[in-house]
Every structure is written in structure tokens, then in C-alpha cells.
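Per TrEMBL, the features are as follows:
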- 1-78: domain 'PLAT' (DOMAIN)
- Asp39, Asp40: Ca(2+) binding site (BINDING)
- Trp63: site 'Essential for stabilizing binding to COTL1' (SITE)
- 78-634: domain 'Lipoxygenase' (DOMAIN)
- His328, His333, His511: Fe cation binding site (BINDING)
Amino acid sequence: MLLMYLPDTVVNSYDVTVGENLGEMELVKIEKKKYWVHDDWYCKYITVKTPFGDYVEFPCFRWLVDDKEVVLRDGKARLPKDDKTRLVKQHRHKELESRRKIYRWREWQPGIPMSIDANTHKELPRDIQFDSEKGVDFILNYSKAIENLCVNQFMHMFQSSWNDFADFERIFVRIKNTISEYVMEHWKEDFMFGYQYLNGCNPVMIQKCTKLPEKFPVTHDMVADCLEREMTLEEEIEAGNIYIADYELMEDISPNSTDPCTLQYLAAPICLLYNNSQSKILPLAIQLGQTPGEDNPIFLPSDGQYDWMLAKIWVRSSDFHIHQTVTHLLRTHLVSEVFGVAMFRQLPAVHPAYKLLLPHIRFTIAINTKAREQLICEFGIFDKANGTGGGGHVEMLQKAMRSLTFRSLCFPDAIKARGVDSPEDLPYYYYRDDGNRVWDVTKSFVWDVVCIYYDSDDTVQKDEEIQAFVKDVCSFGMQDLDCCGFPKSLKTREELTEYLTVIIFTASAHHAAVNFGQYDWCSWIPNAPPTMRKPPPRQKGVVDVKFIIQSLPDRGRSCWHLGAVWALSQFQENELFLGMYPDEHFIEKPVKEAMESFRKRLAEVSSAIKIRNEGKKLPYYYFSPDRIPNSVAV
């Protein structure tokens, strides 16, 4: 029986009867003849009933295109050592040989992770394209978002400033939700500014301050009025109550100059944070540049209302840029594409790691290719509203590669490296707590699967395909950069488990945590300005509310920004969430049992998060497994 469908049609099942005994079947070949312009078929699987009444399933889940043929193995996962006959060994070799010709590496920009060699979505292999390209057309989706939000009357009003803060509500009123409305009401308050370092859209910047950097000369007298424990600033630091967020990466990044009618500006601030006696994170001091001096003052909560407000706005704007380009684009999208391309190049469909990873690579290469085609390319949508458009975002990616290490993708290690791993010190850091839960559940599932196929560390070492996969990621995908620390080989089952967990967690859970909150936290423009139209202030006491409004994005850029964060925060139609594997690539009972256990434990995490969030004005649900798509697809 063949189960197949044509695009936009019902599923068709076909029964084919063979009159003779074919013996033991090792391979099944499907051929399709081209009759029409668009006559591609998608084959889910072929089920063979033997003369003895047994059923053997040959999973496909591939497109039959033009006059090409597809050769399938049965659904049992096999390592290279498990193949004994010359026929299946040859098939395994030919499959990879063919894939490497199709899935080629290419450098989109120097000094960043490699991508697939394709200029447009249509040039991609059919198997990794979206079913409907229209659904991921950024220009169409952003325009629809702007129209649906009823802000299209403002979208061409570039250079036109808003009148005051209340004026921003004219584009905000249609998109309010629990969190975004709370942000609008409280964005000026210090507790809201600090809270976002723990559970906002970019909760990866805060780190324990063990010593004040020389470039940030904050003194005790400056902040004494804000300290609550009758301790000096130095004593608070020693006690572990002081944190810091340093946006050093933003220094010397070129601001957007694509619009000669609008000057745009960037800053590289440093922010000192205080964990007060109620365990709230509050800002203590802000310096808007990396070099101290008279023209780079340290802004304080005791300063004038508008001085302090504008300093915080500048930090929020810099945080937005780091989030969009580094936390989101580089560390989820681009990294996941590297894993995906290497997987297709080095792992055959019969390999257990291929079967495990494929659902978590779904549409990732396609969405990234579409982004390079429309969003982050020269003169792309990114240039319309973002202060780092026009090339600054590429400079950021290149600088951020220095800190993109394999260990930084291991969630518990990244948390510990920033000194924020203690629940006693930061009891309301839900990003950390929920992320650790999902990491542990995912790693346990991966370990179960690894142990089914690898009975020892020696089996890992002798698996030439998994070793080639890991080496391809480091040597080609990450361009063998000295600082990356990506392994070129794996020696133990534990190392393999961690490596596969990083891939799945990055593509699913961490992408969800840093992507789907954009609507909540960035829709109120003053809380996450995508660009600034006045330079950072060089002295205190000269700022008023009019200057702040003129610094914030104009009406046109505000609307493009709003459309972007709305569109990026939507789930795909027919989204598959973590643990959902409707395509049965695995047929073995032990793996299916491991999957069922995985889903059960994920459901327990979702339930615990739901209970914790009850009654909260600011619920945190971005790591809830029932809201985590399997892959990076938006």
C-alpha cells in the first residue's frame, strides 16, 4: 500500500498486488513520470504485506519530483555497522553522495556560520521547502499584520514624530494582551525595567557582577540611596547582590544610513543592577558608552525624571538589537541551519540520529533562506525600521561569533557561566527554572534513544557517519573558528547525548523562549525602540519629554516594527509542538515508548508552569512545552 498526496488535495492510498514471491525485501524503489508542469507527489510511506501476513513499513516522507526516483529502506533505524550486505551499504553511500551535491555549504557573509547554497526559497531541495511559499512571505505577512492591526494609515509616515507617549496608543490599542498592556502601563517603572532581564524577551544579558569594570566607575556615594541592606556598594558586590548587563558588542556598530532623511543612532551602554531585599532586580546606574568621561555621564535613579527615563530607553533599544540579531537570529536560526545542512550531508535517512533530528530541522533552512531573500538582505525589510539595518546587523553577527561557543549552547552551562544559577539568589528567574526543566526532560529522552542504538562508547567512536556529521558542523558550518569550541569528534554516549540535546533544545525550546515573547514585550514602542533618531545625551539636565519623543521611532518605523513583532510571534498553521511526531520515522517499540515517556514528562512540565502562573499579572509561559514548536520555522 502506498499513501501519497498531491499539494492541496486529499490523501490518496493505493494498493498494488504482486503475483510472485519477491523474497526478503531490502529496498523499495519508487519512480514517477512527469506529465504536468506541477505534478509533484508527496509519499508518506509504503507498507508491504508479505506472503506470510507480516507487514513491513518503508517510511518515505519525501516529495517525488519530475522524473526522479526514490529508493527506500524499511523503517528500522540502523548504524553503519548494522548493514551487512553490499546492496544496502552501497545504497547508504549513494544516498549521502547524492545529498552532498544538493545540500552545499555557502558563505552568506564572511565570519558568520555557513548557510545552504541557495539564493531563493524556490532553489531549495523540494523536501525542505514550505508547502506554501505564500505563508512565509515576509513582505506579505508584515503588510497583512500592519493592515490587521489597523495601523496602515501610518506605515508611510516616515520622519513624522508622535506627539507624546499617549500618542503611541493609537497604534497599540488593537493589539493589547495581558502582558503587553501591563508593559504599556508600567514601562517607566524601575521594577519593570529590571524584571525584563529575568523573564522578558531577552533574558540572557544579566550576569553576576563580581567586580566593577574600570570602564564603569560607579561609586558607593552615587547609589547609596538605592541600597537597602545598610551595606556599601563593595559589600553588596561581595554578597552577590549586584548584577551587570554590558552591551559592549554594540560599540562601533554602524547605524542605519539607508534613509538620508533620517539620521539614526546606536549606543553601547552598561547597566548596573541591584537585587533588592524583595528579590526584585532594579537598575542602579547606566552609562551609555563604553569609555567613561565628562561627555559620557553615569545616569542614576536620583537624576531628573527625563534623564533617567531616556537612559533606560537607550538600554532597552540596545537590548532589542542584541536580542534580534544575536540571541534570536544567530543563536537559534543560523546555528540550527548549520546543524540541519550538516545532517542532510552526513546522515542517511536510516541513521537513528537523522530520524531523531529531522522533526527539529523542519522548515528551518527554508525560513532562513526566505529571511536572506527578503528580510536581512540589502534593502530588505530589516532596513525599514531597525537602527542596525543597512549592514550593522552583519557587523553584530561577526562580533558575536567570538562568544558563540558550543558550551554556550548548553543551557545549564550558559546559566552557570553568567553566575545566575542560584534559585536562592534569584527566586523569580522563571526563564532559568523552566529552561532547566525542559533541558533535563529533553536530555533524558535523547539518552534513552541513544542507549537503544549505542551499547557502548566504542560504538559511538566507530560510527563514522555521526563523527563526519560533528566534524562537518565544526569544520565547515562554523568555519573552524578557533573560539567556537565545537567538538570535531564524540567519544562517549554522554557526549553524543549532550550534542543531540543541544540541537533539539536550540531549535525548539530556546527559540520559543526568545521568539514568541516579541509581541508581548516589544509592541509598546517606548519599551523596545527598534531605532533612535537622536544621539545619546552627553550631559544631564538637557532632556525634556519632547526630546525623548523626537528620539523614538517615527510613525512609519513604529508601524513596520509593530507588524514585524506581531508576525514573528505567531505560531505556524498546523504547528507541531515539542514531543509531537506524527511522521513515524521510527518503527521500533522501544523508541516509541521513549517518545511516550517524553510526552508525559513534557506534559508534567506544562502543568507545573500553568499552576505557577495562576493569578500572576506577568505569567511566564515561553518555555511551556505545549507552546514550544518542534523547530525554528518562523
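Even glycines carry a Cβ here, placed using N, Cα and C.
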Intrachain C-beta neighbours of His333 (Fe cation binding site), sequence separation six or more, cut-off 8 angstroms: Thr364, Ile367, Asn368, Ala371, His511, Val632
Secondary structure content of the domain 'PLAT' (1-78), with strand meaning DSSP E or B: 0 helix, 35 strand, 43 coil
Additional residues surrounding Fe cation, by Cβ distance to the His328, His333, His511 centre under 8 Å: Thr327, Leu329, Arg331, Thr332, Ser336, His510, Val514, Asn515, Val632
Local Cβ density at Asp40 (Ca(2+) binding site) - other Cβ atoms counted within 10 Å: 14
Integer Cα-Cα distance in angstrom, Asp40 (Ca(2+) binding site) to His328 (Fe cation binding site): 34
Cβ-Cβ distance under 8 Å to Trp63 (site 'Essential for stabilizing binding to COTL1'), same chain, at least six residues away: Asp40, Trp41, Tyr42, Cys43, Arg126, Asp127
Cα distance (Å, whole number) from Asp39 (Ca(2+) binding site) to His328 (Fe cation binding site): 37
Whole-number mean of pLDDT values that fall within the domain 'Lipoxygenase' (78-634): 93
